[in-house]
Every structure is written in C-alpha cells, then in structure tokens.
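Peer 1: A single structure is presented below for examination.
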Amino acid sequence: MKFLLVFDFDHTIIDENSDTWIVKCAPERKLPNGLRNSYQPGHWTEYMGRVFVYLGDNGVKEDEMKRTMTTIPFTEGMIDLLGFIGENKHLLDCIIVSDSNTVFIDWILKAADFHNVFDEVFTNPAAFSSTGYLTVKDFHAHHCAKCPKNLCKRKVLKEFLDKQLERGVSYTKVVYIGDGGNDLCPVMFLKKNDVAMPRQGYTLDRKISQLAQSLSPVQCSVLVWSSAIDIMSYLKLLIKE
C-alpha cells in the first residue's frame, strides 16, 4: 500500500512563479522591454537563460539571488501539508516535476527544511558558472507535440513509474497536484484509479473542465483544491482507507 504524490512547483508548492520572482533582483526590479519581448512560446528555458545573463551582466550575485528566492511565500496550507507528508513517508512517495530549475527549488526547499519530504525532483538543471552567472539547460528532449520543448511531464512520470516497477515498487494510486497548462499532459496519462488535483481557477482546472464539456473527460478522478489543507484532508482519508 503505497501512494505516489506528484507535485508541480510554481503556483502549487509556492504561491508564485519562481522564474518571474527572480526579476526582483534586476535593476529597478524589471527587465528591459527587448528582453521581456524575446520570449517565444515553448522556449521558456532559453528565455530564462537570457534573463540570467542580464542579471549577471548587472552584477547580481548568487547570495543576492538566494536571499530573494527564499522570500517566496508557500501556497496557503502548504507548510502543514508538507509536514504531514514528512510524517507519513512510509506510505507516501513524493516527487516534484517542474519547469523551474534545480537551483531555485533546492534553495527554497532547503531554506524551509522540506528537501527530505521529496524522493526526487525532476526539473531543468541549473548551475553557477565560474564567472558567477546562473545557467540553465533543458531537462530532456522529447517528441510530445503538446508540451514545451524542454519538458514533457508525462514522459517524466511514465519513466519514473517504469523505473519504480523495475525496483519492485508499484503504487496503489497516483495523486497529481498542479496548476498549469503543462500539467494536462501527465494528467491525461493517469489511470481510472488515480486522482488529478488541479488548483482552483488556474489553467489546469479550466482545461480539465473544457475536456469534460467536450465529452472527452480525463480517465482519472478530479478533485479541485484552493488551499493545501484540502489536499491534506484528502490524503488523511486515503491513508485511513
């Protein structure tokens, strides 16, 4: 009896987008229009690479970035939820699949002492170069037309489940907790017994509703949450079963 919890990070674990929060480090806390307008859909990682070059060019150092990132608020109730998961690790495996990056997620989880709650974090690899600039790379290559070119969360989830099966671990249920458009692809991979938990009023919630209206609903159950306490209440019921 083991359950797998899959979390998105931005607007799910934290109540902001970590990539846009870092702009607080920029001169006048904003980016020049040319840089802001250089983003092309599906190419977010390359865009963030340019943002990090701009910050580096303006003398923004690692410690300042770290200080800024660790002020991001967690989503309402999330601290309680992560504490609860930490107490029930014998029943709950827990991973993050995120379009953020390893440096940001690591800083934020370690500052709040939650890094031990998660078994694995799948996100874009980032590191500081010898000149002190933050660099970020695509997580992987994939052939999914629905997802941004750097990350297909369905592929990550499928590969993780396959790897766990090889180790002799299979899950009674997968619970997927997210908010964004790029969370729909993995949600559509979930089976009848699994649960999708979209954040109320966010893109994933809207997309799942649209699918139901067009009579092609997702296979799994859907439970909407607005506070992480809603997620915790559900997990408590699940564990009792």
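Note that Cβ sites are derived from N, Cα and C of the backbone, with glycine treated the same way.
All annotation found in TrEMBL is predicted automatically rather than curated by experts.
Sharing the record's features from TrEMBL:
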type	residues	note
ACT_SITE	Asp8	active site, nucleophile
ACT_SITE	Asp10	active site, proton donor
BINDING	Asp8, Asp10, Asp179	Mg(2+) binding site
BINDING	Asp19, Asp99	substrate binding site
Peer 1: Can you tell me how many other Cβ atoms are located within 10 Å of the Cβ belonging to Asp8 (active site, nucleophile)?
Peer 2: 25
Peer 1: Compute the centroid of the Cβ atoms of Asp8, Asp10, Asp179, then list the same-chain residues not in that set whose Cβ lies within 8 Å of it, in sequence order, for the Mg(2+) site.
Peer 2: Phe9, His11, Thr12, Ile13, Ser98, Gly178, Gly180, Asp183, Arg199, Tyr202
Peer 1: Looking at the recorded positions Asp8, Asp10, Asp179, whose Cα is closest in space to that of Asp19 (substrate binding site)?
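Peer 2: The answer is Asp10.
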Peer 1: In whole Å, how far is Asp179 (Mg(2+) binding site) from Asp8 (active site, nucleophile) when you measure between their Cα atoms?
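Peer 2: Computed Cα spacing between Asp8 (active site, nucleophile) and Asp179 (Mg(2+) binding site) is 7 Å.
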Peer 1: Near the residue listed as 'active site, proton donor', which residues of its own chain have a C-beta under 8 A away, given they sit six or more steps off in sequence?
Peer 2: Glu16, Asn17, Ser18, Asp19, Ser98, Asp99, Ser100, Asp179, Gly180
Peer 1: Note down the number of other Cβ atoms within 10 Å of the Cβ of Asp19 (substrate binding site), including every protein chain shown.
Peer 2: 20
